[in-house]
Amino acid sequence: MPLVTTTEMFEKAYKGGYAIGAFNVNNMEIVQGIVDAGKAEQSPLILQVSAGARKYAKHIYLVKLVEAALQDSEDLPIALHLDHGDSFQICKDCIDGGFTSVMYDGSHLDFEENIKITKQVVDYAHAHGVVVEAELGRLAGVEDDVNVSDKDARFTDPEQAVEFVERTGVDSLAIAIGTSHGAYKFKGDPYLDFDRLEKIGNLLPNFPIVLHGASSVLPEFVKKCNEFGGNIPGAQGVPEEMLRKAATMAVCKINIDTDLRLAMTASVREFLQKNPSEFDPRKYLGPARSAIQGMVQHKIKDVLGSSHKI
Ligand code: G3H
Ligand code: 13P
Ligand code: ZN
């Protein structure tokens, strides 16, 4: 099966009350680990590539790796998505270069400018059979203490979300309700604004919402990293039960990168510390790939609910 867009995946996920995992890919072992998990769970997948990943591995290598994974994946629906495109040009390059979905992230811009560039990307993408995700609102950072007035200033405004979707024609929208990127998401108790999510879902019926910054930073993996020479103190993610709840609401795409990084790094650290005389990269990258697969299978089965949904 060729690469697909996210349209059908999201329609089914919305109706079925589950979400599709969007996992960041940077090299062969990560692509293989994720796709092997998708095969084992018979789950649709979104493989997403950031600007940093394109810089690290080169666009062409990532596209060819994903093409190889498709050939090896027994008819699994897979979308190839640009994560956080910050200009029309990078979105165009990915549309022209084989992606089936792009994100234009204008969340740092003012409302009108965000609409203007998002619409430009949507027009180009739709003319080429590609779907577009945009972002409205700013994701919180751990340095930010979220109080009530901050929430209204930074979290996605439901009425603005409706106007944004109508004026841009975008296919999905990433919203800010309290998640943030990386391993340090909350200083105190984790909090997501589910009332806001519900309101956005009611105002935009059947429209797929995206959650960025949705890693859970599972303590066992942080502990393993630290036990084998790492130094990641005070890391905290979004509790998995909150993500399960979001997946039953309007959220159809859940972005996970940090949890894959932690799984891979914990595995490599453990192997190298336990086997100081080994220097064959396959010896530690093999288990690292299996660690990615294990993490993705866990997410699909226990968090997203996308097993056996192809
Ligand atoms: O949202 C960011 C993703 O985790 C990708 O991170 O820009 O370091 O590749 P990156
Ligand atoms: P995490 O850092 O929580 O994994 O978020 C990843 C993400 O949002 C990629 O766009
Ligand atoms: Zn993101």
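Any Cβ shown, glycine's included, is placed from N, Cα and C.
The shown structure was predicted, so the numbers you read here are calculated from the model rather than taken from an experiment.
Summarising the environment of Asp83 (active site, proton donor), the number of other Cβ atoms within 10 Å of its Cβ, over all protein chains shown, is 26. If you look up TrEMBL, you'll see Asp83 marked as active site, proton donor.
The feature Zn(2+) 1 binding site is assigned by TrEMBL to His84, His181, His212. Mapped onto three states, the DSSP output places His84 (Zn(2+) 1 binding site) in strand. Sequence-distant contacts of His84 (Zn(2+) 1 binding site), defined as residues of its own chain at least six apart whose C-beta falls under 8 angstroms from its C-beta, comprise Ser50, Ala51, Met103, Asp105.
The Cβ of Glu135 (Zn(2+) 2 binding site) has Met103, Asp105, Gly106, Ser107, Leu173, Ala174, Ile175, Ala176, Val210, His212 as same-chain neighbours under 8 Å, each 6 or more residues away in sequence. TrEMBL lists Asp105, Glu135 with the feature Zn(2+) 2 binding site.
Secondary structure from DSSP puts Asn255 (dihydroxyacetone phosphate binding site) in a beta strand. Look at TrEMBL and you will find Gly182, Gly213, Ala214, Ser215, Asn255, Ile256, Asp257, Thr258 tagged as dihydroxyacetone phosphate binding site.
Cβ neighbours within 10 Å of His212 (Zn(2+) 1 binding site), excluding its own Cβ and spanning all shown chains: 25. Compute the center of the Cβ atoms of His84, His181, His212, which mark the site for Zn(2+) 1; besides them, the chain residues with Cβ within 8 Å of that center are Asp83, Asp105, Leu139, Ala174, Gly213, Asn255. Considering other CB atoms within 10 Å as the measure, the emptiest surroundings among the binding-site residues Gly182, Gly213 are those of Gly182. According to DSSP, Glu135 (Zn(2+) 2 binding site) sits within a strand segment. Around Ala214 (dihydroxyacetone phosphate binding site), taking its Cβ as the centre, 32 other Cβ atoms fall within 10 Å, counting all chains. For Ile256 (dihydroxyacetone phosphate binding site), the same-chain residues that are 6 or more apart in sequence and have a Cβ closer than 8 Å to its Cβ are Gly21, Ala22, Phe23, Asn24, Ala214, Ser215, Lys299. Of all the binding-site residues listed here (Ser215, Asn255, Thr258), the one with the fewest other CB atoms within 10 A of its own CB is Thr258.
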